[in-house]
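A.B. asks: I have a structure I would like to understand better, so I am pasting it below and will then ask my questions one at a time.
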Amino acid sequence: LWYVNSCIVFFLLDKVRSPRIKTHQVENNTVISVCVKYFIDYLSYMDNLWVVVCSGNLITFSVGTAITWASPELDKLEEINVISNQDQRSWVSSLFQLGGLFGPFVYGFMADKVGRKNTILAIGVPLLVGYLLMAFVRELASFYVSRFIIGLATGGMYAVLPNYVSEISEKASRGTFSCLLNVFQCSGMLFCYAVGPYTSVVVFNFILAIFPAACIILFYLLAIESPHYLIKTGQYDLAKSTIESIRGKGANVESELAMIEKAIEEEGRPSVKDICRSKGNKKAFLITVVLLCFQQLTGINAILTYAQTIFKDSGTSIPPEICSMIIGAVQLGASFLTPIFVDKLGRKMLLIISAIGMVLSELPLGLYSHFYAHQKEGSNLSYLPIVCLVVFILTYNVGFAQVPWTIMAEMFPTGIRSKAASLVTAACLLLGFFIVKYFEQMSNNIGLGVCFMIFSVCCAVSTIFVKFVVIETSKKSLEEIQTELNS
C-alpha cells in the first residue's frame, strides 16, 4: 500500500492527464483482491516513467533508513554490550559515510560497463546483506562491516540513481523526478525514527532488509535501461523502443535520439582528465563539489545521526524519541515541496531560501544551547530546540536536501557524468565522515551550541556562493546547460 500510495501521490503531483481508474465489480470482495485489481488497473493507465522512477527509489528508501539508523540503535547496542565506549559509537555511526566514499567509484565504473539498470540492482545487494548481518550477528566487527558496505551502496546510489533519472526524464519534468529521491529518502528516515525505538535490534534490522529485497525484484521487473547508455553502446533500436515506451504515442522520438547521439559524438572518448580540460567541465565540477560540501556543512548528517542525543543534551522537555519522530515527519512533509517548486521557482531560488532558513534556525539553537549549558537557566524556553530543528529540517528539505544532487546530474556531459558524479559524491561523503565521526567529540570539547553556530555561519556563506556562482538549470535541456557552462 505504501508503494501504491507513493505512485499515486507523485502521479497527481505532476498533473499527468490519464483516464480515471475504473470501478471494478469484485466477486470475492476481499481487501487483497480489491487492492490487486486497482493496482493493476492503475498501472495500465499511468505513465511508465513514474513506475520506473518510484521502483528505483525504493533503494533510496533503504538509504534513508541507513542515514538515521544510528539514532535509535546506538543506545540499544550499548544495552546488549555490543559497544562500550564513545569511540566505538562514533565508528559505528561514521563507517557508513566512510563506505560511501568508495561507493561512487565502484558503482560509477559499473554504470558505464554494465548499464545503469544492472548497477542499481547491484546497489541493493550490500543493503540487503548488511541489514541481515546486523540482524543476526551480535559482534561489533559485524556492525562495522555492515555499516561500511551499506555506506558503499549509499555512495553508489547517490552517484548513479540521479544520473539515471536525469537521463530517462524529459526536461520539463526532470526536476520533479529528480527530487523524488529526497521524498523516498525522507520516508525511510521517518520509518527508522518511528519503528527503531520500539523494536529489538534483530526485528528492526530484519524489517529493514525487506526494502532492498523488494527494490531488487520490482526494479528488475519494471525498469528500463537508460537511452543514453544504449546509444553509447551501439544499441540504437533498443534505445528507440525504450524512449517510445516511456514517452508514449505522439512523442518526437527521432528528435530526442538525434540530440542524444549528437551529445555523445561531441564527447568522444572521455576520461577523468576531461573534467579539467574544458571550461564548462571545470566550472561544473567546482559548482557541484562546493555545493555538496556546503550541504554537509549545514550539519544535517550530524543532526540526523545523533538526533536523540542532541535532544537529550539540549534540555528540551519533550522525550527525545518523540522529538526524533517529529523531525522525521516534518522532513517527509517538507520533501513534497521541492518537487512542486523546483521547476517553477528554479534551483537557485530554492537553495537561497533554504540557506537563509537554516541560518535563522541554527543560530538561535546554538545560542540557546550555549546559554543553557553554561547558565543552567532557560527552562522556560525548553520548547525552543524542537522548534528550531523543525524549522531547520523544513528549510533544509526545501532546497539543500535534493537540489544539489539534481544540479550534479544536470551539469556534466553524458560521457563523463558517471566519473564526475563519483568524484563529487566521494568528496561530499568524505566531509560527511569527518563531521559525523568527530561531532560528539567536538560537542563535548567546545559545546553543542558552538557547533550549531559554526553550522549557521557555513549556511550563510553558502547563500553568497549560490547567488554569484551557481547557474540556473531549470527548464533547460542538458545540451543547453553545457552551452551555458562553456560560454
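Heads up, residue numbers simply count up from 1 along the chain you see.
Positions of Cβ are set from backbone N, Cα and C atoms, glycine also.
Automatic prediction, not curation, is the source of TrEMBL annotations.
TrEMBL lists these features:
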- 48-474: domain 'Major facilitator superfamily (MFS) profile' (DOMAIN)
- 49-70: transmembrane segment (TRANSMEM)
- 90-107: transmembrane segment (TRANSMEM)
- 119-137: transmembrane segment (TRANSMEM)
- 143-165: transmembrane segment (TRANSMEM)
- 177-196: transmembrane segment (TRANSMEM)
- 202-223: transmembrane segment (TRANSMEM)
- 284-304: transmembrane segment (TRANSMEM)
- 324-342: transmembrane segment (TRANSMEM)
- 349-371: transmembrane segment (TRANSMEM)
- 383-408: transmembrane segment (TRANSMEM)
- 420-439: transmembrane segment (TRANSMEM)
- 445-470: transmembrane segment (TRANSMEM)
A.B. asks: Out of 143-165, 349-371, 420-439, which stretch touches the transmembrane segment (177-196) the most, going by CB pairs under 8 Å?
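C.D. replies: Result: 143-165.
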A.B. asks: Compute the average pLDDT of the predicted model within the domain 'Major facilitator superfamily (MFS) profile' (48-474).
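C.D. replies: When the pLDDT values over the domain 'Major facilitator superfamily (MFS) profile' (48-474) are averaged, the result is 85.
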A.B. asks: Against which stretches of its own chain does the transmembrane segment (90-107) lie, if we need a Cβ under 8 Å and a gap of at least six residues from its ends?
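C.D. replies: Residues packing against the transmembrane segment (90-107) from afar: 66-67, 69-70, 74, 77, 83, 119, 122-123, 140, 143-144, 147-160, 301, 305-306, 421-426, 429-430, 432-433, 436-438, 440-441.
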A.B. asks: Flag the pair the transmembrane segment (143-165) / the transmembrane segment (202-223) as in contact if three or more Cβ pairs fall under 8 Å (sequence separation 6 or more).
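C.D. replies: These two stretches do not touch.
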A.B. asks: Between the stretches 49-70, 202-223, 284-304, which one has more Cβ pairs under 8 Å with the transmembrane segment (119-137) than any other?
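C.D. replies: Answer is 202-223, with the largest number of Cβ pairs below 8 Å.
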A.B. asks: Which residues, given as numbers and ranges, are at least 6 beyond the ends of the transmembrane segment (445-470) yet have a Cβ under 8 Å from it?
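C.D. replies: Hits for the transmembrane segment (445-470): 286-287, 290-291, 294, 297-299, 302, 310, 313-314, 347-348, 351-352, 355-356, 358-359, 362-363, 365-374, 400, 407, 439.
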